[in-house]
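Input: a single structure, listed below in structure tokens.
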Amino acid sequence: MTNIRKSHPLFKIINHSFIDLPAPSNISSWWNFGSLLGVCLILQIITGLFLAMHYTADTTTAFSSVTHICRDVNYGWLIRYLHANGASMFFVCLFLHVGRGIYYGSYTFMETWNIGIILLFAVMATAFMGYVLPWGQMSFWGATVITNLLSAIPYIGTTLVEWIWGGFSVDKATLTRFFAFHFILPFIIAALAMVHLLFLHETGSNNPSGLNSDGDKIPFHPYYTIKDILGVLLLILILVSLVLFSPDLLGDPDNYTPANPLNTPPHIKPEWYFLFAYAILRSIPNKLGGVLALVLSILILALLPLLHTSKQRSLMFRPITQILFWILVADLFTLTWIGGQPVEYPFIIIGQLASILYFSIILIFMPISGIIEDKILKLY
């Protein structure tokens, strides 16, 4: 008799994805982030569901309902801070996951990579709308500033913004629809993540060397299930430490002031995970140009497979491109720092230089270094 996990239609899918899946024997801890993102998503859906039971999407009561959750609901403060800081952990894992993909050349799996980019946009949209829901000062003004960027689109811009707002300003209609979208999007993300995995399992995983690993595969379970559990425990340790010791470390104090359309905060800025893109947006003096740069800062990832010039897939044996990669990482840290600073000298010029460097490394220097490295290899 065949084992039920190999014969049952439902268990068979799980078996082929998480148990008998052939995996390369040399994948490092950088391959843990896929499973960590899955854990983050599940955590966000569960905590979000419990928050939605007590939250009211109305401008008059939204702020009070969040306060009520923190003060009166059993462990409401814990659920709220797990959800808020869980989003930060989600983005940490997301950035490391994408960085791993760039470093080891995983973007050559075109379908998997492109769905990953769609996932990144979906998660960013979800996080943005979630930030609006507590209806604090930064929620309101963040929503106003970011949605207003769409007015830069020629001809239809203003109409589009008013259509999204459901009126002539960010108000009750905006809050209600943002709550609806914030609730539905994580389930769409979960579905997309399954498609992401489906395409990945068509090709099999990449590995640090970037070479074909078909000759040396091991079963996913028990080796990588145990390895993933260790990663999950470390993730939970960091998240719980953050929630219990410093829950407001990554938040903005302005969001503890109820939204007031008549009073603009001195520095409007998004959550830390959007600051790099916000810095790129602000570094261009033209509104439409800034919006295009903002979108392209993420969309540029879709060009990576086309910009790959090297005969080698991974950066493991490519020292020149390695240096460029780490300069790019440092540049992203710089942009994140600049995004949180006021718009004044010297921050403006630093942001502009960092933005130019960001696009130059990806579009010009990395493809050239790939060609140079191939030529150096030919000499030997």
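Even glycines carry a Cβ here, placed using N, Cα and C.
Taken from Swiss-Prot as is:
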- HIS83, HIS182: heme b b562 binding site (BINDING)
- HIS97, HIS196: heme b b566 binding site (BINDING)
- HIS201: ubiquinone binding site (BINDING)
- 33-53: transmembrane segment (TRANSMEM)
- 77-98: transmembrane segment (TRANSMEM)
- 113-133: transmembrane segment (TRANSMEM)
- 178-198: transmembrane segment (TRANSMEM)
- 226-246: transmembrane segment (TRANSMEM)
- 288-308: transmembrane segment (TRANSMEM)
- 320-340: transmembrane segment (TRANSMEM)
- 347-367: transmembrane segment (TRANSMEM)
Answer yes if the transmembrane segment (288-308) and the transmembrane segment (178-198) have at least three CB pairs under 8 Å among residue pairs 6 or more apart in sequence, and no otherwise.
no
How about the transmembrane segment (226-246) and the transmembrane segment (33-53): do they have 3 or more C-beta pairs under 8 A, pairs 6 or more apart in sequence?
yes
Distance check, please: Cα of HIS201 (ubiquinone binding site) against Cα of HIS97 (heme b b566 binding site), rounded to an integer number of angstrom.
17
May I ask which of the stretches 113-133, 178-198, 320-340, 347-367 has the most CB pairs under 8 A with the transmembrane segment (33-53)?
178-198
Around HIS97 (heme b b566 binding site), how many other C-beta atoms are within 10 angstroms of its C-beta?
20
So what's near the transmembrane segment (113-133) in sequence-distant terms, Cβ-Cβ under 8 Å and 6+ beyond its ends?
55, 57, 62, 66, 87, 90-91, 94, 98, 101, 106-107, 139-140, 142-143, 146, 174-175, 178-179, 181-182, 185-186, 188-189, 192-193, 195-196, 199, 270-271, 273-274, 298-299, 301-302, 304-305
Sequence-distant neighbours of HIS83 (heme b b562 binding site) in its chain (C-beta under 8 A, six or more apart):
GLN44, THR47, GLY48, LEU51
Candidate with sparsest Cβ neighbourhood (10 Å radius) among HIS182, HIS196, HIS201, the listed binding-site residues:
HIS201
